[in-house]
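What follows is a single structure, written as structure tokens, with notes after it.
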Amino acid sequence: MHKSLLMLKGCRNLFWRFLPFTARVCARRSLITRSSASLLYHPPSTHSQSFLTSRQTSVLQHSTVRFSFTRSLCHSGHCSGLMELKEVLQVLEQLAPLSLAESWDNVGLLVEPSKPRPTKTILLTNDLTEAVMEEAENMNCDLLISYHPPLFRPVKRLVQKDWKQRLAIRAVEAGIAVFSPHTSWDSVKGGVNDWLVGGLGSGRVSVLNQAIADASHNHKLEFMVRSTEELNSILEEVKACDSGTTLHYSVNRSDSCGIHVSVTCSDSALTPSVQTLLKHTGTSQSLRILKLEKPPLLGHGQGRFSVLDNPVTIATAIQKIKSHLGLSHIRLALGVGKTPESSVWTVAVCAGSGASVLNGVKADLYLTGEMSHHEVLDAVAKGTSVILTDHSNSERGFLSVFRERLAVRLPETVTVVVSAHDRDPLEVV
């Protein structure tokens, strides 16, 4: 038995020795993806009809993630180790879908070079400033991922007098792509807010503002037909009303009254679909229109609330947060009736400017980057203590976490670096 194991081990060593290097990279990365699949975003189920069992659906989702990632590394059946920009963007989408971003946000690819080139160097920054752009130029950066979108409001001209427009011009001239994830990183499970609340220790964590699935079919039409022939005819007519999306229908049951049918459709197809069904006497008399609620994306959304497994004092919470964020100073407002030795059992957090998310949440402690003077006064009057770190200090530390998650999903020809010149514009002096 021992001799057989030695022979097997020797064969395996020979296999890896003679396997081409680039193929080894693909195989190793594929294995890493399998072991860390839980870090990838998995889309939720929708209202669409499905004939797969729950076990088959689970297997299909995990297989899809692995296949998609492997394909991005070994594009067109070979593994050159070089990645195109669009392939990197696919990996970024897997880690944090842009659909999770807030509707007001400006996320995604903001600057795209006219001449495609392999992505070899990626620079991560919280804010794109003049110093960070110079850093990117000096390292011949191919893709700059700026957490905050450097282009946010509509731009009518590109001129040198505006510093943000000047940075966009420099990126174009240097052939540097610029991508911003912003609130998609905040919302995704395991993202910025989960990282931030984790600094206070383990606990039962929930989402403050639940993200909702972007379902394409928002209405259900229920009706009856007399025969299979009539059903097929009506379905063909309804399909023509919703050509942009896939028609989903189910035959619920068949009895002496006819065949019970339900069809889901989009907002744009609702009116023409109803008009089509009303043309038929049988369906018009039995027609019911139901509004479908979009399903919640469990674990995804803005802000986090944690019931700590091990409560801490406010003084201990301050030290934990300083250590977690690498800060020497933070700002504290004690809630009415609280002292530094008061216990913290519950904490609500929101990275950045979190007042709109934290407002009205009952907790012992609020943790965010910034709040206005009067927002702090309101929280304190209700007995909630507030810790402010300054805006980007509540976010920047996540860049190192994300660098690790991104690097293991890219070939070794791609270098991912966290900016050395990115910093909060405010400091205690």
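For all residues, glycine too, the Cβ spot is worked out from N, Cα and C.
These come from TrEMBL:
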type: BINDING; residues: HIS148, ASP186, HIS391, GLU395; note: divalent metal cation binding site
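All features noted in TrEMBL, drawn onto the structure.
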residue: HIS148; record: divalent metal cation binding site; Cβ contacts under 8 Å, 6 or more apart: ASN126, ASP127, LEU128, SER180, HIS182, SER392
residue: ASP186; record: divalent metal cation binding site; Cβ contacts under 8 Å, 6 or more apart: VAL192, ASN193, GLN302, CYS350, ALA351, GLY352
residue: HIS391; record: divalent metal cation binding site; Cβ contacts under 8 Å, 6 or more apart: GLY352, SER353, GLY369, GLU370, ASP424
residue: GLU395; record: divalent metal cation binding site; Cβ contacts under 8 Å, 6 or more apart: ASN126, TYR147, VAL192, LEU196, ALA351, GLY352, GLY369
Output field, divalent metal cation shell: CB within 8 Å of site CB centroid, site HIS148, ASP186, HIS391, GLU395 dropped: ASN126, TYR147, HIS182, VAL192, ALA351, GLY352, GLY369, SER392, SER394
